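Noted in TrEMBL for the protein shown:
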type    : residues                                                             : note
BINDING : B:His115, B:His120, B:His155, B:Cys156, B:His164, B:Met169, B:His310 : Cu cation binding site
DOMAIN  : B:370-458                                                            : domain 'Cytochrome c'
Amino acid sequence: MRRLLTILLMLGACSIAQAQKGTPANMVHVKGGTFVPLYGSNNQAIAVQEFIMDKYPVTNAQYKAFVAEYPKWKKSEVKQLFADAGYLKHWASDLSVGSNAEKLKDSPVINVSWFAAKAYCECQGKRLPTVNEWEFAALASETKKDASSEPSFYQRSLDWYSQPNPKYLPPVQESFKNYYGLYGMIGLVWEWTSDFNSALIIGESRQNASLDRQLFCGAGSTGASDVKNYVAFMRYAFRSSLKANYTVANLGFRCVQDVPAKITAKK
Amino acid sequence: MVGIFCLGIASSCGTKTTNAEILNSLNETAAPTEMPVIEAELTDAPLVPAPITRKHPAKVVVRLEVTEVVKKLADGVDYTFWTFGGSVPGKFIRVRQNDEVEFHLMNHPDSKNPHNIDLHAVTGPGGGAAATFTAPGQETVFNFKAINPGLYVYHCATAPVGMHIANGMYGLIMVEPEEGMEPVDKEYYVMQGDFYTKGAFGAPGLQPFDMEKALDERPSYVVFNGSVGAMTGDNAITAKVGDKVRLFVGNGGPNLVSSFHVIGEIFDKVHPEGGSNVNTNVQTTLVPAGGSAITEFKVDVPGNYVLVDHSIFRTFNKGALGMLKVEGPDNLAIFSGQTEQKIYLPEGSAIQEMPKSETPKAAFASNKDMRMELGKTLYAQNCQACHQAEGQGITGAFPPLAKSDYLNADVDRSIGVVAHGLEGQIKVNGEVYNSTMPKIKLTDEEIANVMTYVLNSWGNKGGEVNLDQVKKAKAKYKH
Ligand SMILES: [Cu+2]
């Protein structure tokens, strides 16, 4: 089963890789560093290499252009294995959002599977961020790279987690902009990561501390005595509820790139 | 189930369960049996499904939908509840011992979060939590056999568990013993829970969850059935004189343990902690967070019986108050009508005792309509527990405000009552009251608003009370 999936996955991937020159438009540079993630390494700090990240989550308009170019990602043609029945369910048809098209063109695309998000990024010569990259970039407030110890910062997340989804998601440019110039890392949509299920919570969160490490794909920690960790908890829990062909009404994505060798060399 | 989550994607995960094995084991449990298949009847509190009359086990299909909804937590206060079935507490589930339950958990596509369910009635790891971990827009199914009879709590166990429970993700499942339950006349579902809002008790608007208060176990609200007033006034549960009443009582927590008590009744029977033992003649029964109790009593005397958490500040200051209205003929041999309910009055003031309360800054009313609006909320928060939702009072204990001759005869005097409290004998609409009304800690502005509301409600004489009148009346009527 697993091999089969892997093969299909390769077939599904985009064959076009674009040449990279400098930091492309609408992406920002995130300088590497270290942070302590909630799961996976016994509370040891993890190093994150510098990377370049999309300023905004991918929008409906951008995704429409992608589907136009790669018809196998049309609603009507996509394979169930790669995207469940909810794929692009907020679109009226294969290439049209429908009556709300104008309103939603700059809103994040949602209802896309991990396979679809991955293919999209690859076709732009990019990739999905890892959980660690994403979490590292999401630690920033408006003014600080690491705002994880500021109550007002994690309250922003808590408030968002406990608000029902709005009827129409706002344009990506209107959302919260953080220190790096990344928009909507918090308060807009959940976002796919390449290794979204590597730190499984598997729905039995109370046991994570004691569970067999191998069984659960990562060492658990319930030492989240800090409120701030609860915020990360929510994201890890969300990610681990997913499968790669799932589509969710508030789950979008953005892409990243490695820093081209030249730029790195200059430093 | 673990394997499924790791399937097909490069990860550091090494699990030995293969997908095929999982499918096999699922098929086994789902194998066809001789048993009849029944779709479970699910009910919202305070109702419970009909008692089970079957004499044989069945396969019972339960379909529970998780939704995240904005609803009323108290008058003027909204909250985003995470629910099993649309309201708090979750739907009541009723099965029979040795039934095989096929459990479907659907997470609504509009949910922001994944959820799952841990049923304490399940024998098996996690009580179904891992098997039902469900992303928004997905459905999961698992099977279990209800081996042990009893009244069990179910709840969400998704990280962070505390937050999911604090947002209302709990309910009850009754596993009736094979021999069935003794028939009674009325059955009701009552579940307590504590809530943690950014604003203090009564602070209006959509209140976000406050993680800090939850960690410190300092709830802003403690309520029965999901909101302040969910079981009072028109929502009170009812019975007739002579009825045997059974309450299925649960406590979702997440933090507090409940001292469950019904003022004016003695539980003839209690199944402590929802188990098989029976205790008799109980006044107050302890209901642990994540636990339950079944209480039974016969109501012999008409009147209003108040359900409380006898950790009593929670009742008068945080909302843990419900009501059972019993109608029928008096029974003077059992209750003469003179017994004092005022035993709880010294603690009765809703606001008075709040230590260092940051009473929300009252919005300033610039006209009568605004006074009415603000007054309505103030009434619900400060007066309704005693004078009742329609101002009708409780004969013998709390005088009516509706069409009250005492009130309408001299408004200034009544302002004095609210500002300074009142003790001693008064006559309202021909009925003598000799009791105590505690001083209610309200600002002059708030008194003006609540009195304007009272005067313009339930057939009273109308008019507007302003700040000036309050100041003068307070000075004139000092008790
Ligand atoms: Cu939940």
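Just so it is clear, glycine is given a Cβ too, placed from its N, Cα and C backbone atoms.
Here the features listed in TrEMBL are placed on the structure.
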residue	record	contacts (Cβ under 8 Å, 6+ apart)
B:His115	Cu cation binding site	B:Val66, B:Trp82, B:Leu105, B:Asn107, B:Thr134, B:Cys156, B:Thr158, B:His164, B:Met169
B:His120	Cu cation binding site	B:Gly127, B:Tyr152, B:Val153, B:Tyr154, B:Ile173, B:Gly290
B:His155	Cu cation binding site	B:Ile117, B:Asp118, B:His164, B:Ile165, B:Met169, B:Tyr170, B:Gly171, B:Gly252, B:Gly290
B:His310	Cu cation binding site	B:Ser259, B:Phe260, B:His261, B:Thr284
Per-state residue totals over the domain 'Cytochrome c' (B:370-458) - DSSP helix, strand, coil: 44 helix, 16 strand, 29 coil
Sequence-ordered binding-site residues from B:His115, B:His120, B:His155, B:Cys156, B:His164 with Cβ under 6 Å of an atom of ligand 1: B:His115, B:Cys156, B:His164
PLDDT averaged over every residue in the domain 'Cytochrome c' (B:370-458): 89
B:His164 (Cu cation binding site): secondary structure state under DSSP, collapsed to three categories: helix
